[in-house]
């Protein structure tokens with residue numbers, strides 16, 4: 001069965017949802033936009049009509065919002081809210097704990113407990129268990145393991161069996177995922193280390209809020225297409241959520257600004 005065929009179903013499984021997402025996010029950047037989004041909307045309408053089904057109210061509102069614009073952008077969260085699924089695990093995308101970038105960064109800090117820069121399968125399992133409990137859902141351990149595996153399949157872009165910050169950030173609605181903005185301004189390790197040392201003006205090994213403010217102002221000026229200086233306070237607040245008592249160490253800032261060396 002194809003992704004288009006799955007759209008004809010009254011309900012779809014988590015595996016089918018996964019296939020639909022990867023089919024339409026054809027460039028793998030973590031969201032649908034432009035032609036990807038327009039293709040999805042067109043084929044959703046065609047599939048529902050072919051199956052003799054009307055658009056649900058959620059689908060109709062979605063089509064009305066995105067069907068007439070070429071600059072729309074949606075992530076997995078938005079898709080999960082309009083497609084009827086057999087399994088309730090997708091509902092935790094709506095969990096109140098992750099309603100902002102700052103909340104997300106604080107959650108990351110909690111579950112990346114060893115400060116490794118990624119969440120492994122066991123840390124992810126604890127993360128999901130916590131989210132489901134907050135949604136008042138109790139599930140068996142075997143089901144939780146299955147959900148963990150599905151989440152890895154959905155978000156593990158480089159297939160290394162663990163999730164990096166930017167991969168797990170896809171749990172956020174696109175408009176809240178400030179990390180998308182920073183994808184275009186990442187530096188190689190050498191550039192990043194040079195920048196860190198420049199803004200760590202007192203040489204104490206970490207950047208405080210004022211030093212981060214100076215760094216972000218310069219980044220906004222140099223990268224006006226990606227970063228909006230009017231959102232500087234939001235960027236700073238979200239990034240400082242990674243700090244340790246107001247001290248933002250090199251490894252944490254690297255999660256935002258440093259690209260992996262090839």
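Using N, Cα and C of the backbone, Cβ positions are placed for all residues, glycine too.
Those TrEMBL annotations? Automatic predictions, nothing curated.
Over in TrEMBL, the protein carries these features:
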type	residues	note
DOMAIN	12-47	domain 'EF-hand'
DOMAIN	99-134	domain 'EF-hand'
DOMAIN	143-178	domain 'EF-hand'
DOMAIN	187-222	domain 'EF-hand'
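Secondary structure by DSSP for the domain 'EF-hand' (187-222): 25 helix, 3 strand, 8 coil.
Break the domain 'EF-hand' (143-178) down by DSSP state and the numbers are 23 helix, 2 strand, 11 coil. Beyond the ends of the domain 'EF-hand' (187-222), by six or more residues, the same chain brings 228-229, 232, 235-236, 239-240, 243-244, 246-250, 253-254, 257-259, 261 to within a C-beta distance below 8 angstroms of the stretch.
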